[in-house]
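Inspection log for the structure reproduced underneath, given as structure tokens.
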Amino acid sequence: MKKIRQPIIAVLGHVDHGKTTMLDRIRKTNVASKEAGGITQHIGATEVPIEVVKEIAGPLLSLWKGEIKLPGLLFIDTPGHEAFTSLRARGGSLADLAILIIDVNEGFQPQTIESIEILKKYKTPFIVAANKIDRIKGWKINENEPFLVNFKKQDQRAQQELETKLWEVIGKFYEMGFQANRFDRVQDFTKELAIVPISAKYGIGIAELLVLIAGLAQRYLEQKLKIEVEGPAKGTILEVREEIGLGTTIDVIVYDGTLRKDDTIVVGGKDEAIVTKIRALLKPKPLDEIRDPRFRFDQVDEVAAAAGIKIAAPGLDGALAGSPVIAARSEEDVEKAKQEILSQIERIKIESGEIGVIVKADTLGSLEALSKELQEKDIPIRKADVGDISKTDVMEALSIKDENEYLGVIFGFNVKVNEDAREIADARGIPIFVGNIIYKIIEDYEAWRKAEEEAKKRELLAQTKFPGVIKLFPDERYVFRRSHPAIVGIEVLEGRIKPGYPLMKQNGERVGVIKSIKSKSDFIQEAKRGDQVAIAIEGPIVGRHIHPGEMLYVDLSRDDVMRLVKELRNELDETDIRALKEIAKVKKQKDPFWATL
Ligand SMILES: Nc1nc2c(ncn2[C@@H]2O[C@H](COP(=O)(O)OP(=O)(O)OP(=O)(O)O)[C@@H](O)[C@H]2O)c(=O)[nH]1
């Protein structure tokens, strides 16, 4: 038998923009509508039955066209995009829909942008809650009022201020490739993002938010939400938890089929698929019935999608948050489920052995999200695994650093850095980029890499001599001093010269080192092609070793030329290249190496 299940809804947004407050507010709508069935608390989720939505919606139901078939809405209780990326189902996101919450007074913030990028990537439909409208100057607060009712009561200035803030948000969405509009002005929900202004704190606009999300789910996800109720269950692990008296349990969101007490389940573990028999299916007792915290759960015989449930079973110690749970009712099912889970784990975990970075994350889902992003940036990965950053990770990065200094680094998403790992990393110069915003972690890495590359280039530039060809003026008047040091007037014919550069004659003989360069009355650090300057040369005597009118060349070493050609090529201009060719001609008379240039 097929039925339409509740859509699974996740709440995303920047820190402090009100995700938790909004979820709490949705949970509390319970109190107001107990007769209508009330809200059911699941493990890790909250279910708003459709009757509650209808009751809250009241006259707003006219927004809804056609018969309401949806049984309700299932909100995942853990807010945040980390939760979203971690909760996977069939390669996509576990959430069918999302609410992106934005503090309308603060506008777009880093995690807002990250959330949008993620929603885009997983192609998850979402609506926008523009929160904290009660903070607008002069806003009149009426708890739990629908937005449109509340808005009419505001004076013009407050209304105008909200409009301005909404326009800013709409503009930002436009920059990210979305057409957005206030929900009551949206013509086509498949093309435009709906923005619902709300106050999570005072419950304003929550009615529209619920109606809209339910409407969208039914209208655009009906096919996706149709499930074979009786079929074996599929789900995703939200959390692995120790419970007193129960041992290690897993909190699971079931998104397909029915899970029965006597089912065998196959669960994703760190390196394997765990096959185990369910001992108990547990759901939370209603809050007012919990007298003893040791007995917080009720046992149930079965649970149909979509639902949040706690599973007690032996052997769950190695279970991994974010990985799949598949129910099996025959040997054949077990084998199939094992294969499916193993291939998922393998696909995400990388152990390539090649030169690349180390990636760690808290769950399989977030590991996949971070790895994908790195691969898109052409950053090769040597190892991607779930868990905190350990000493072994640092040692592995160290071995990579010897091969490629920019890849001997560690990325961590939502993980801790163990103390001993931190110590070695600091001592041996292994950078660790950790955080809970993927693009921020990558941005930090890119900034570090750029700074390193620039520092290295500066060092290379300081170490390397550039090619130069000069000519002494023919006139004796430009010999200012004959020796110790010799001071002569010259012109730079090609390339450049700097103090400290050794000079040689056309036959390759070293004549001395440039001590200083003077232009008019100033000492300068560099003279380039066309410059006429006086230089002091330590070593030669004018008239014996060098002569007016003679050409001299910068005496480059093999190392100089290798660095110039390989690493500093972009720093050479045409005249440098001509100078280099001239110098090679001089040098190859004695050293065949130069003939290969
Ligand atoms: N005035 C006002 N304050 C709000 C509203 N919604 C949330 N807040 C306040 O904003 C702060 C952050 O709200 P949370 O719900 O904790 O935000 P969050 O997004 O869940 O934050 P994290 O869980 O830390 O990511 C709290 O002090 C809330 O009371 C609102 O609609 N109006």
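Cβ coordinates are placed from backbone N, Cα and C, and glycine is handled just like the others.
Because TrEMBL annotations are produced automatically, they should be read as predictions rather than curated entries.
Taken from TrEMBL, the feature GTP binding site applies to 13-20, 77-81, 131-134. Per TrEMBL, the feature domain 'Tr-type G' maps to 4-221.
Projection of TrEMBL feature records onto the structure.
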residue: G13; record: GTP binding site; contacts (Cβ under 8 Å, 6+ apart): K19, P79, G80, L100, I101, I102, Q111, T112, S115
residue: D16; record: GTP binding site; contacts (Cβ under 8 Å, 6+ apart): D103
residue: T78; record: GTP binding site; contacts (Cβ under 8 Å, 6+ apart): G44, L238
residue: H81; record: GTP binding site; contacts (Cβ under 8 Å, 6+ apart): L12, Q111, E114, S115, I118
residue: I133; record: GTP binding site; contacts (Cβ under 8 Å, 6+ apart): V104, W139, F147, L162, P197, I198, S199, I204, G205
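Per-residue pLDDT, averaged across the domain 'Tr-type G' (4-221), gives 88. Cβ-based neighbour count (10 Å, all protein chains) for K19 (GTP binding site) stands at 25. Ligand 1 lies within reach of D16, K19 from the binding-site residues D16, K19, T78, H81, I133, judged by a C-beta closer than 6 angstroms to any of its atoms. Secondary structure from DSSP puts G13 (GTP binding site) in a beta strand. Under the DSSP three-state reduction, T78 (GTP binding site) is assigned to coil, being neither helix nor strand.
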